[in-house]
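Among the features that Swiss-Prot reports, domain 'Deacetylase sirtuin-type' is placed at 1-235. Annotation source Swiss-Prot lists NAD(+) binding site at 14-33, 95-98, 180-182, 204-206, Ala222, citing sequence analysis. Here Swiss-Prot flags Tyr58, Arg61 as substrate binding site, drawing on sequence analysis. Residues or ranges marked as active site, proton acceptor in Swiss-Prot (evidence: sequence analysis): His113. Summarising the annotation, Swiss-Prot assigns Zn(2+) binding site to Cys121, Cys124, Cys140, Cys143.
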Amino acid sequence: MDLRLFKNIVILTGAGISAESGIRTFRDQDGLWEDHRIEDVATPEAFARNPALVQRFYNLRRAQLRDPNLAPNPAHQALVDLENLWEGNFLLVTQNVDNLHRRAGSKNLLHMHGRLDRVFCLHCDEHFEWLLDLAVDQPCPHCGRKGGVRPDIVWFGEMPHHMEEIYEALDKADYFISIGTSGNVYPAAGFVRLAWKAKKIEINLKDTEISPAFDEHFVGPASTEVPRFITQFLE
């Protein structure tokens, strides 16, 4: 393929790319965590009502990132290879809150739903890298006040991060790839239609509700399909 035909590429990744590395969602088949709805531990109201419960949920999720067996998989690495070889504008947008893309070496990366390895203070709005457990009374490393340090995660009812930059990139994109996304979480599910002039590729375990909006589909695990597609793409 003549890559000179394409100058602006936007790639969207979802839970499917991280699941193969062993990232758990902590939801059972009913969508519950220890009999709690995820919405009950992932809203600003939940944090105000029961901060200990919310912190425990995210401490469990954050502990996964400290697991020595957790590592980026071939799909993450293939995206790094593509970024390094791409001569135009490259943007990787992820819905995932883990650190696997960055550990693999991705540079032009936006976490639209926040980062599990960061926290911020509600009192002073400072953000910090944080991989340890977080206590309810954790003093803010910047202002020293207690009770306001929370996960740097976009909760239900909050605005996803970097949307202006993402929308601008989608409007300019001439190639759009969606990997491992459910196709039913907005605003990300609408990205394929916002990339109005782009060639659109979907890589997923199965078809999604938005599959008809794509030009091509590749069905299978991200760890095999993404490297295969990118190898062919770069030939």
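All positions are counted from 1 along the displayed chain.
Each residue, glycine too, has its Cβ placed from N, Cα and C.
Features recorded in Swiss-Prot, as mapped to the structure shown.
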{"residue": "Gly14", "record": "NAD(+) binding site", "CB count, 10 Å": "23"}
{"residue": "Ser18", "record": "NAD(+) binding site", "CB count, 10 Å": "28"}
{"residue": "Gly22", "record": "NAD(+) binding site", "CB count, 10 Å": "13"}
{"residue": "Gln95", "record": "NAD(+) binding site", "CB count, 10 Å": "21"}
{"residue": "His113", "record": "active site, proton acceptor", "CB count, 10 Å": "18"}
{"residue": "Cys121", "record": "Zn(2+) binding site", "CB count, 10 Å": "22"}
{"residue": "Cys124", "record": "Zn(2+) binding site", "CB count, 10 Å": "13"}
{"residue": "Cys140", "record": "Zn(2+) binding site", "CB count, 10 Å": "19"}
{"residue": "Gly180", "record": "NAD(+) binding site", "CB count, 10 Å": "26"}
{"residue": "Leu205", "record": "NAD(+) binding site", "CB count, 10 Å": "14"}
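A gap of 12 Å separates the Cα atoms of Gly22 (NAD(+) binding site) and Arg61 (substrate binding site). Cα spacing between Gly180 (NAD(+) binding site) and His113 (active site, proton acceptor): 15 Å, rounded to the nearest whole number. Under DSSP, Tyr58 (substrate binding site) is assigned to a helix (H, G or I) in the three-state scheme. Ranked by Cα separation from Leu205 (NAD(+) binding site), the recorded positions Tyr58, His113, Cys143 are led by His113. The Zn(2+) site is set by Cys121, Cys124, Cys140, Cys143; from the centre of their CB atoms, other residues of the chain with a CB within 8 Å are Leu122, His123, Asp125, Glu126, Pro141, His142, Gly144, Arg145, Gly148, Val149.
Within 10 Å of the C-beta of Arg61 (substrate binding site) there are 19 other C-beta atoms, taking all protein chains into account. The DSSP secondary structure for Cys121 (Zn(2+) binding site) is strand.
The Cβ neighbour count for Tyr58 (substrate binding site), using a 10 Å radius over every protein chain in view, is 21. The Cβ of Cys143 (Zn(2+) binding site) lies under 8 Å from the Cβ of Cys121, His123, Cys124, Glu126, each of which sits 6+ residues away along the same chain.
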